[in-house]
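Visitor: There's a structure below that I have some questions on.
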Amino acid sequence: MKSVLCAFMTAVIALHRAESLKRTYYIAIREENWNYAPSGRNLIHNRSIERDEPASTFLLNGPTRIGSVYKKALYRQYTDESYSTEIPKPAWLGFLGPILRVEVGDVIEVHMKNFASRPYSLHPHGVFYEKNSEGALYPDGTTGRDKRDDAVAPGESYTYTWQVKPEYAPTEADARCLTWIYHSHGDAPKDIASGLIGALLTCKKSTLDSSQKRSDVDEDFILMFSVVDENLSWYLEENIEMFCSDKDATNELKNNTDEEFRESNLMHSINGYVYGNLPALKVCVGRPVSWHLFGIGNEVDIHSAYFHGHTLVDRMHRTDVLSLFPATFVTATMIPRTEGKWLLSCQVNDHVQAGMQVFYEVSACGSTASATEAPGKERRFYIAAEEMVWDYASSGMNYMTNKPLTEPDSDSEPYFSRDGGKLGGKYLKARYISYTDDTFTTKTHFAGSDVHLGILGPVIKAETGDVIIVTFFNNATQDYSLQPHGLHYEKAYEGAKYQDGTQKAGASVAPGKKFTYRWKVIEGPSSSDPPCLSYLYYSAVDPVRDTNSGLFGPIQVCKKGVLDGSGHQHADKIQHEFFLLFSVMDENESWYLEENIEKFGSSDSGPANEEFQESNKMHAVNGLMYGNLEGLDLCNGEHVMWHILGLGTEVDIHGVYFEGNTFRRDGMNRDTLSVFPHTTVTVSMAPDNDGQFELSCRTGEHYEAGMRQHYEVKACSTVTPAAEHFTSTVWYYIAAEEVEWNYAPNRTWELEKHNTTLEESPGSVFLEQSENQIGGKYKKVVFREFIDETFTKRKPRRPEEEHLEIMGMAHLTLECFLYSGDQNDRTNYKYLIFSEILTKFSLSSTGINGKLYANLHGLNMIENDKTEWYLIGLGNEVDMHTVHFHAQSFTYKMNHSHRADVYDLFPGTFQTIELTAGSPGQWLLHCHVTDHIHAGMETIFTVRPKGYSVLYLNFGYNFDILFHPQCKKKRKIKHHVLASAGTSNNSRLFLYHVSCITSADLQQNNNQAVTLVCVCVDGKSNVTKTSITKECPEKLAFSGVKLDFC
């Protein structure tokens, strides 16, 4: 009986825990001073700020420098509405707000009080909310209580209510808890730069215990990687007043946007700490840890978070680097294997130098578990670092144009000419070279296909369970090392130099010396990964200068049994493998710059000259440019593996495009992929198209600067290609036309959002015409569709295509197929977001479908509609777009479906997302990159309540009308204006939310969108005329023609 009762009580408790809860938080906004480096030292290298040149740039206080301490506004958590007892948070959380942990089905009630000196709010990602709990200030047609959440005044309070509905929950393939953020959203970039941001975790059922602690992992850590721009903070003037002794000179620098002053206020931080000052993140051997990472900020906020000595699983894929961008969120799981104090670093070169690094400590915690599996094979490699002259294009030819590289005014001329003191295409560099044994007398002879490796070091290959033994001989003149990604090792065999409390001979090997590294392959590819993964190894004594000097190579880690006796994948499975590294090699950062100037330069060579510096940035694939990489030869139908690697700094956003053939990645066919510094991608290809094709980076500047190669597919007698079957031919007739384009014909929304005048609006930089500014109208060339090959009659766009606006080649595109019910019955939507590009006719401009500041109309859905969006990105180095849908979440597929509400896009890449329209209202759709927000890359999409039918009119305005199924007989105009236009008799033609027309009207139309409703209002706001007949649209006109209906 006792056992039965016990079982019953256990079931009751479990059921209670599984029930949905209301989780209440009391959060206050406080203003306080924050120190980014409270130790006063660079703890990564144990140097004082005064004696550390890079650190002093950002942290040293002076007459015209603020230093390391800034006034900020921060979220703090309290026990109750008295806001008198603060709930302590972990020290490592830094200036982030408290962690909000909830489960699927929960209701979140956040009581917020603003103790700061200006209005702020609280806006969440990843949860369901209605208009009165959005916490974001922009013109959305709301009034009254629905507006109070947008900005909470100083001394005032507000209660936000959110829900974790099932359609916002982690998917089956997601981690048990997903990472989201909350932040103030008055002027979001300025509010966030001021400090108002925190983390929100939404978890699957039964993940949290009664104290809201995770039951599935030992620890969960929240880390924000951000170049915090204190120049954008609301408190910049106060910080100058408090911390700069020469206030007048400092304000002059600020007002003149002095670059050095602005740079000093860019804090490359993790949770608000720099140079290792974050309190240690402590974990235990063998106990699972959940890492919740996110980025926030601007175009420089491309982050490659590298965990030294360990690997993680991110969305079911093995890695040791997590890529982060503004408002993108990652959840990854680690099982710590090896004790020690380890570095967690952003591997983007500029961020390494600026201190975006912290420590995490792994302790035994009483565990006696061994870090190693059953030993596999010992694989030995003998690698030397040697100095030699490297030629980025030994042929002297641009094989993409078949013209000399030094042809005047060509794209290649700035990099290969030696005029004006430029160095040309040859540089003294260091390379990793393979030898047969530890005498280092005989170089390893490789097969002919390895010619494609170019400047790369030899490929290090191993399987799960293997031990890799590398004898390294430094035959160069600088201290160098070998540091591997993706492997495990004891501290003695780490090749990175930092203060971890150990003596590591391998961290810096002196010239003429040898060192033997011993690395273990404990965790190989996951079940969702390809049979082999690629990683990078590199010299990490000074990782920025060492890699720009040429020291890097690929590692291949395979599942057990994949490699044959010679160390290659079995020939019956894989016929070719290629390793390609995309990087803007910055010879200005090489150890050999002075020697190169002496050897290849002249008296005109100026290291401080911008043109000289630019000429030394070599946009290369495996160290070669403009088609000079050899050996990329394939047979039609064979199985090929491509291993793509990235390296470099903030500009190293690479969209790698394979012309002519597709590859397979994450269960889908693609032709473009993205890589970033220290990240790698492995894809498979079965080429089915013969010929010579281009393989290039589609980032505009990289493409022009030579990051282009050829690969060739031939019909080979040894391979029988798969048969091709085509059922029909579809013809499209498309012409390129020159047009005059207006990016913002209406600036009302812009001025209301920023609560400003035309003169003061941030949009005026782009839209106001003056002696030095073109304004908002540009001549452009666009694609337009015609009905046949005569190109005399343009194919008319349907009313629901209003939102398509401009269409062109070099833009970021969102394309949506909208359907409700039968998936075969869809409405086609294309949402195109302009990248910032330079065309033949115009300067740069940022927008959505060629429109700025919500001038794009027609993005409408009905509540619960299922939609598919096809996201495509093209453009330049600044074209990192993180597309955020307010109040909605969506899923996207890798091998499996995953949940998000922001998706990041890069030049040449694309992704399909599936979104079910959730909370009704007018919602913001925008890029979350700071500069893009202020530049107007935002618009409104509308979710209509379920039960309404929506009618779209296409007259240059957002003309739509709602039919409500429960309408009464009495005519009644409800809610807010959707659009208006001037008429011929000085009245206005309005389109409203209409709660009622007449019962007869509704009976006639029966909730079907088959007729149109126009409402005329006179100068006294009286309704003078309405119509649901087709007379109304026939009389309407656009572009200056009178509107005769009223």
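Every residue, even glycine, has its Cβ placed from backbone N, Cα and C.
Look at TrEMBL and you will find 95-201, 454-558, 665-711, 849-946 tagged as domain 'Plastocyanin-like'. Residues annotated as signal peptide in TrEMBL: 1-20.
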Visitor: So which of 454-558, 665-711, 849-946 has the most C-beta pairs under 8 Å when paired with the domain 'Plastocyanin-like' (95-201)?
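Guide: The stretch with the most close Cβ contacts to the domain 'Plastocyanin-like' (95-201) is 849-946.
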Visitor: Helix, strand, coil residue numbers for the domain 'Plastocyanin-like' (454-558) per DSSP?
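Guide: Computed counts for the domain 'Plastocyanin-like' (454-558) are 12 helix, 40 strand, 53 coil.
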Visitor: What are the DSSP helix/strand/coil residue counts across the domain 'Plastocyanin-like' (95-201)?
Guide: 16 helix, 38 strand, 53 coil
Visitor: For the domain 'Plastocyanin-like' (95-201), report the average pLDDT of the model, please.
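Guide: Computed over the domain 'Plastocyanin-like' (95-201), the mean pLDDT is 97 on the 0 to 100 scale.
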Visitor: Summarise the domain 'Plastocyanin-like' (665-711) as counts of helix, strand and coil residues per DSSP.
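Guide: In the domain 'Plastocyanin-like' (665-711), the DSSP-based counts are 5 helix, 26 strand, 16 coil.
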